[in-house]
């Protein structure tokens, strides 16, 4: 079994990837989507989203990073994919699942699930453009308005050359509302010969067990569940081995938060950093009651020095 950290725009950036992969249990992670259209993007654009390329395409914990592209122009995607490989991408992932309205209006993400033929063209052209030893993978939802074309889309991706398909078991219209329709993952696996990875609504070890029972998927991808419970992958890995599951305590999480905050101060402006910390705290409230107290304490705080003191960070250089 492999457990992947999902790509989430504006949330799972290199700072949070570094924090979460250090906890353990995550086998690979993916960049936020890198939007490409009409032209070959410069190297610094890729490094912005994948700073791990400077570290052999791995986080400091040694977790491999995949690079995800988003767009609808097969030629442009293929050219940028080839360049990304030159920069160090070990795996190329294609985004056909983003539900954001602004992205869909620009013919990116889940809107392309209405066009299985285009999915096939994109994957096949990217596959031809990158070295044979670099896998091309894809992430999809079950459809746009409904699941009518789910199987056709999966076939198109596999036939185009996708080596693996991550299935977020909801439609675009479903957004992130529960439930995730895990039974569809099993149906998709029946019609394609490549591995299918289950994604959606895995917040606990028990969710993982139910997902596995329903869809039979060997591998899983977790997004918000891992952000809300940073040791979830480690818990699942332990459960899968029959070992005792010992959840991370709030006290054990504190050093992570402090390190994360210090990294935000280094990589972001003093205006951006407080919002980034609060964004993570909001999701942590789903697993830790103490996070609610901390969030309420910091909610209106914008002074970074004050936040540093409230977090108990050392002010020494």
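Using the three backbone atoms N, Cα and C, a Cβ is placed for every residue, glycine included.
Owing to the predicted nature of the structure, the values given are computational and were not obtained by experimental measurement.
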Open item on the list: Per Swiss-Prot, which of 139, 278 sits in the FMN site along with 7, 8, 9, 68, 199, 200, 201, 223, 224?
Closed with: 139
TODO: Cα within 10 Å of residue 95 (site 'Interacts with tRNA') is the criterion; apply it to the recorded positions 139, 200, 223, 276 and give the hits in sequence order.
DONE: 139
Open item on the list: My understanding is the cutoff is Cβ-Cβ under 8 Å with a sequence separation of 6 or more in the same chain; which residues meet that for residue 299 (site 'Interacts with tRNA')?
Closed with: 278
Task: Cα-Cα distance linking residue 176 (site 'Interacts with tRNA') and residue 7 (FMN binding site), given in Å to the nearest integer - done: 14
Open item on the list: Around the C-beta of residue 139 (FMN binding site), how many further C-beta atoms are within 10 angstroms, looking at every protein chain?
Closed with: 27
Task: Listed recorded positions among 9, 35, 139, 176, 276 whose Cα sits within 10 Å of residue 98 (active site, proton donor) - done: 9, 139
Open item on the list: Give me the CA-CA distance between residue 223 (FMN binding site) and residue 35 (site 'Interacts with tRNA'), in Å, as a whole number.
Closed with: 20
